[in-house]
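Asker: Copied straight from TrEMBL:
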- Asn9, Trp10, Lys11, Gly171, Ser204, Gly225, Gly226: substrate binding site (BINDING)
- His96: active site, electrophile (ACT_SITE)
- Glu165: active site, proton acceptor (ACT_SITE)
Amino acid sequence: MRKKVIAGNWKMYKTQAEASEFLLNFLHTLEDTPEDREIILCVPFTDLGILSKSLHGSRVQLGAQNVHWEEQGAYTGEISGPMLTEIGVRYAIVGHSERRQYFNETDETVNLRLIAAQRYGLTPILCVGESKQQRDAGETESLIISQLAKGLEDVDQNNVIIAYEPIWAIGTGDTCEAIEANRVIGLIRSQLTNPDVTIQYGGSVKPNNIDEIMAQPEIDGALVGGASLEPSSFARIVNYK
Ligand SMILES: O=C[C@H](O)COP(=O)(O)O
């Protein structure tokens, strides 16, 4: 059975004080959350230490927003797998469109990061998705197939999550129709050797659309940006019906 996974991606938001305040208002909302779902918070590097302590014993797992492919070295601004696992991090987002767009991340570096994440005991969350221009040009399917083929080369599909994030839906309020997200995620699944990989949808997921998204048969979870920053909205998403 495929795991349901709701992950918050805080991007470059929240100081340690703000992160602690979030938890104060969030953790108690999980008392009645069904056991069938996993909850992850992918937070800025500076928040990982304090959250690792505060989340100990809770059902929320910790994720980073990137991971380098080397164990250590002269890579200013990067972080390695062992540095993350040492403090209790279990997941790492890899290949988010903001990394691809602003930091020159390519399918090749994404692939290296995925392999390294697994090597050092992390479960990577691989992000794929098309821009508006690519969608309008009818390139959605070919782009995603190519991102998957290159990104997943030599990657163990028993330890990976995939997030379909159409770039035009990220942070815009312009959610991809649930039925269309389901279709693309079905296409993603058809490209995998392991049909049980958890595949999330991401892009303007909000309290008012999460139920419809999670009702789709191919969609196993959500990668949530803006709506994960506020305890009550993230709680509503995690407690989807
Ligand atoms: O990683 C999360 C996605 O980029 C979605 O962000 P958003 O929910 O703010 O649209």
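Glycine too: its Cβ is placed from the backbone N, Cα and C atoms.
No curator has checked TrEMBL annotations; they are predicted automatically.
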Asker: For Trp10 (substrate binding site) and His96 (active site, electrophile), determine the Cα separation and express it in whole Å.
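Answerer: The separation of the Cα atoms works out to 12 Å.
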Asker: Kindly point out which of the binding-site residues Lys11, Gly171, Gly225 have a C-beta less than 6 Å from some atom of ligand 1.
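Answerer: If the test is a Cβ under 6 Å from any atom of ligand 1, the answer is Gly171, Gly225.
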Asker: Using Cα coordinates, what distance in whole Å links Ser204 (substrate binding site) and the residue listed as 'active site, proton acceptor'?
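Answerer: The residue listed as 'active site, proton acceptor' has its Cα 9 Å from the Cα of Ser204 (substrate binding site).
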Asker: Taking the recorded substrate site as Asn9, Trp10, Lys11, Gly171, Ser204, Gly225, Gly226, identify the other residues of that chain whose CB atom sits within 8 Å of the mean position of the site's CB atoms, giving them in sequence order.
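Answerer: Filtered neighbour residues, in order: Ile170, Val224, Ala227, Ser228, Leu229.
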Asker: Please list residues from the chain of Gly226 (substrate binding site) whose Cβ is under 8 angstroms from its Cβ, counting only those at least six apart in sequence.
Answerer: Gly171, Ser204
Asker: Here are some binding-site residues: Asn9, Lys11. Which one has the most Cβ atoms within 10 Å of its Cβ?
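Answerer: That would be Asn9, with the highest Cβ count within 10 Å.
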Asker: Which residue among the binding-site residues Gly171, Gly225 has the fewest other Cβ atoms within 10 Å of its Cβ, if you could check?
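Answerer: With the binding-site residues Gly171, Gly225, fewest surrounding Cβ atoms within 10 Å: Gly171.
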Asker: Return only the integer: C-alpha distance in Å from the residue listed as 'active site, proton acceptor' to Asn9 (substrate binding site).
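Answerer: About 12 Å separate the Cα atoms of these two residues.
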Asker: Taking the Cβ of Glu165 (active site, proton acceptor) as centre, how many other Cβ atoms lie within 10 Å?
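Answerer: A 10 Å sphere around the Cβ of Glu165 (active site, proton acceptor) contains 27 other Cβ atoms.
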Asker: Whole-number answer please: how many Å between the C-alpha atoms of the residue listed as 'active site, electrophile' and Gly225 (substrate binding site)?
Answerer: 11
